[in-house]
Amino acid sequence: MRIDIVTIFPEFFDVLDLSLLGKARQSGLIELGVHNLRDHTHDRHRTVDDTPYGGGAGMVMKPEPWGDALDAIFGEPAPVSSEADAAPGPILIFPSPAGEQFTQAMARELSEQPHLVFACGRYEGIDQRVVDHFATRGEVRLVSLGDYVLNGGEVAVMAMIEAVGRLIPGVVGNPESLVEESHEGGLLEYPSYTKPSSWRGLDVPPVLLSGNHGAISAWRRAQQLERTRRVRPDLLPPAV
Ligand code: ADE
């Protein structure tokens, strides 16, 4: 998969050199391009924002640098007559608290795409015409990490890339570890334990030491249900 990110803080994404995603980049499973929006400004101050039309607090990101930065990734707009022949391009994602909610299902869907482009807004957001223009050229999605407001899209994009990247076949060594996780299969994950069997007076549940695989599976399933009922009843199907 190819991932491009446009941001005014490219250094923010240096951490994508680390850990599983870093390895996935080294092995070529993920190809990453991080682009500085300010490289697409044409004034001495490398200005990316301006005051909002209609008034109000904060600043809005100007359309021209965004248009140029995204054209550099997507290619120049095709002449109208050749649009029908164009191969489907990348999916363009704008992280935004006004977007649809990011979920594990969305992470899985995005992990099957060949090319994602993330446009990290700051301040009060990006001029709406950038979204509207690129929506005429391909698939555009506004995606929210959750019902809270971050200072910009970078943290949200980091989270999305981690959630998407680990679902790309080969990125996580043991694919079975993806199957039993929270949000795969609708229930929260069961609690996990490792050695020693007793620590600070707390013992590992004896069933896990029993070697009885049927009993272990039943215990884990019961733990998943109990946990989900207690902290996330909204995830339970109506009949459970
Ligand atoms: N930018 C600011 N807040 C955000 C959120 N909750 N999700 C995605 N992008 C954001």
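Here the Cβ of each residue, glycine as well, is placed from N, Cα and C on the backbone.
Summarising the annotation, TrEMBL assigns S-adenosyl-L-methionine binding site to G121, L145, G146, D147, Y148, V149, L150. The annotation domain 'tRNA methyltransferase TRMD/TRM10-type' is assigned in TrEMBL to 1-236.
Within the same chain, the residues at least 6 positions away from L150 (S-adenosyl-L-methionine binding site) whose Cβ sits under 8 Å from its Cβ are P97, A156, listed in sequence order.
By the rule that a residue counts when its Cβ sits under 6 Å from some atom of ligand 1, the binding-site residues G121, L145, V149, L150 yield L145, V149, L150. For L145 (S-adenosyl-L-methionine binding site), the Cβ neighbour count at a 10 Å cut-off comes to 20, with all displayed protein chains included.
When the neighbouring Cβ atoms lying within 10 Å are counted for each of the binding-site residues (G121, G146), the highest count belongs to G121. Under a cutoff of 8 A between CB atoms, and with a sequence separation of 6+ in the same chain, the neighbours of V149 (S-adenosyl-L-methionine binding site) are P97. Largest Cα to Cα distance within the recorded S-adenosyl-L-methionine binders G121, L145, G146, D147, Y148, V149, L150: about 17 Å as a whole number.
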